[in-house]
Each structure stands twice: as structure tokens, then as C-alpha cells.
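**Q** I have a structure here, written as C-alpha cells, and I will follow up with some questions on it.
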Amino acid sequence: MQFQDWFVNGCEGSVLLDDSSTIKGEKNAVPNKNSARGFEVIDAVKANVEKACPSTVSCADILALAAREAVYLAGGPYWPVLLGRRDGLTASEDAANTQLPSPFESLANITAKFTDKGLDMKDVVVLSGGHTIGFAQCFTFKPRLFNFDGAGNPDPTLDATLLTSLRGLCPNEASSDSNLAPLDAASVSKFDNSYYKNLVNNSGLLGSDQVLMSDNTTAAMVPYYSKFPFLFSKDFGVSMVKMGNIGVLTGQDGQIRKNCRVVN
């Protein structure tokens with residue numbers, strides 16, 4: 001959720017806003033619909049924080065802290081979270097659809113979206129490692145299973161055993177589009193470096209994952225992180241701090257929302 005928020009017009013809590021008469025929010029954008037979840041967790045934290053310190057801690061900061069704690073509790077790294085962000089006054093479904101990287105995009109396009117935010121190719125590889133936890137809907141990778149080349153053949157880079165398994169989970173029919181598959185079947189709920197081990201074995205779930213092995217620069221980083229989990233943890237924290245500085249609102253810009261779902 002943090003990535004989906006901060007990559008769209010900066011770290012200002014826009015993904016948390018519900019649709020309203022004046023706002024067409026980001027929750028129903030293609031990358032987020034039936035995918036981004038956990039909003040009720042942020043709501044609960046915000047309600048408790050407001051009781052203790054009214055109009056003091058922004059929803060953007062709560063999201064930053066919640067993401068860090070979630071990663072840490074799942075076995076991942078712990079990094080310093082700078083605070084003092086303020087919340088944005090609007091959201092944009094169109095911006096979410098265009099600014100967020102797609103699982104169908106080329107590595108060049110994905111990298112361009114990162115560099116547009118002040119990040120680099122190393123951040124692409126490191127932050128993609130967040131796919132060591134979570135799930136993806138079948139429609140996000142189904143073309144790799146049945147018609148990758150337009151002639152009815154699967155993606156030749158996909159491991160044959162994984163292909164068989166995924167075809168059972170995601171049969172070639174529209175009714176399976178929303179079925180869920182683990183992004184990292186080796187450790188579904190543990191934050192570790194097995195994501196990179198999967199890529200080395202041609203077992204990346206999304207095309208945008210496995211494509212990291214198609215470029216000399218990114219392909220050189222993947223086995224490095226697959227062998228040295230402590231270096232992945234260290235670099236992941238560094239990239240998260242960098243991402244946390246994208247488009248931050250401070251001073252009198254924005255506001256401190258009392259309810260993360262609506263502007264004051």
C-alpha cells in the first residue's frame with residue numbers, strides 16, 4: 001500500500017482517500033482494485049492516534065510507520081522513518097493508472113517510472129524484492145501461461161513446474177482472473193530473499209519480476225541478493241528511505257487529516 005501511495009504524486013496519503021463528489025480516488029484504479037488492502041488497519045491506528053494526539057500525526061506518516069513495522073514483523077529489516085509529512089487534499093485514479101508500474105511493462109518503462117521519481121535501477125531491483133510477500137491476481141500474469149507470443153505458447157522463460165501449477169490455479173477462462181497466487185510461493189508470509197532465488201530459477205510470478213533477468217545490469221544484482229540476504233535487507237531499508245522522500249508535503253502544504261478516508 002505504501003508503494004502504491006508514494007508512487008502517485010508523492011508521499012501524501014492519496015491512496016487512502018475514498019471517492020467523493022469532488023475526488024475520484026485511487027482505490028479503484030486498475031493497479032489497486034481488489035489488490036491494495038489493509039485500509040481498515042490504517043483507520044484503526046488513526047482513530048487511536050487522534051484520541052491521544054488530535055490533528056498531530058498525518059495519515060501519510062502512519063502509513064510509513066505501518067509499512068516498516070509490517071516488514072519487520074514478517075522477518076524483514078528495520079529502517080529509520082523520517083516523520084513530519086502532511087496529507088494531500090486530493091487523489092487521482094488517472095495518475096494511479098499511469099504512474100504505477102504495470103506487470104506487463106518492459107524493464108525500460110518500469111525503470112523510467114522509477115527515475116522519474118528520483119530513484120534508480122538499483123531501487124527497481126531492491127524494491128521489487130518486496131514481492132517476497134503478498135499475492136497477485138491471475139489476470140496480472142495469465143498471458144505468460146497461455147498466449148505469451150500471440151500464437152498460444154507460454155512464456156519460454158517460465159519454469160515448467162511452476163507453469164503447470166499456475167495453469168491449475170488460473171485456468172484459461174475469465175472466471176479465474178481474480179484468483180490469487182503467491183508472489184513468492186517459497187515463503188508466502190516471510191520477508192526474506194527467496195524472491196531473488198525464484199528469479200534465478202525462472203520462477204518469478206509476474207513478467208515484471210522475471211524481466212529483471214533480461215538486462216545485464218539488473219541480472220547481475222539478482223544472484224547477489226539471492227546469496228546474501230543481509231545485503232538485501234540493508235539495501236531494502238535504504239531504498240525505502242529514498243522512496244519516503246518522494247513528493248513530501250510539509251509546513252503549511254496539505255493538512256493533517258482527522259479521518260484518512262476524507263479530507264477535513
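Just so you know, glycine gets a Cβ as well, placed from its N, Cα and C.
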**Q** Taking CYS260 as one end of a disulfide recorded in TrEMBL, give the other end from among CYS53, CYS59, CYS138.
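**A** Within the candidate set CYS53, CYS59, CYS138, TrEMBL assigns the bond with CYS260 to CYS59.
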**Q** Can you list, in sequence order, the residues of the same chain other than THR132, ASP184, ASP192 whose CB lies within 8 Å of the CB centroid of the Ca(2+) 2 site?
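**A** Leaving out the recorded residues gives GLY129, HIS131, ILE133, LEU183, ALA186, SER187, LYS190, PHE191, ASN193, SER194, TYR195.
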**Q** Could you tally the C-beta atoms, other than its own, that fall within 10 angstroms of the C-beta of ASP192 (Ca(2+) 2 binding site)?
**A** 19
**Q** Including all protein chains displayed, how many Cβ atoms other than that of CYS170 (disulfide bond) lie within 10 Å of its Cβ?
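**A** 23, counting other Cβ atoms within 10 Å of CYS170 (disulfide bond).
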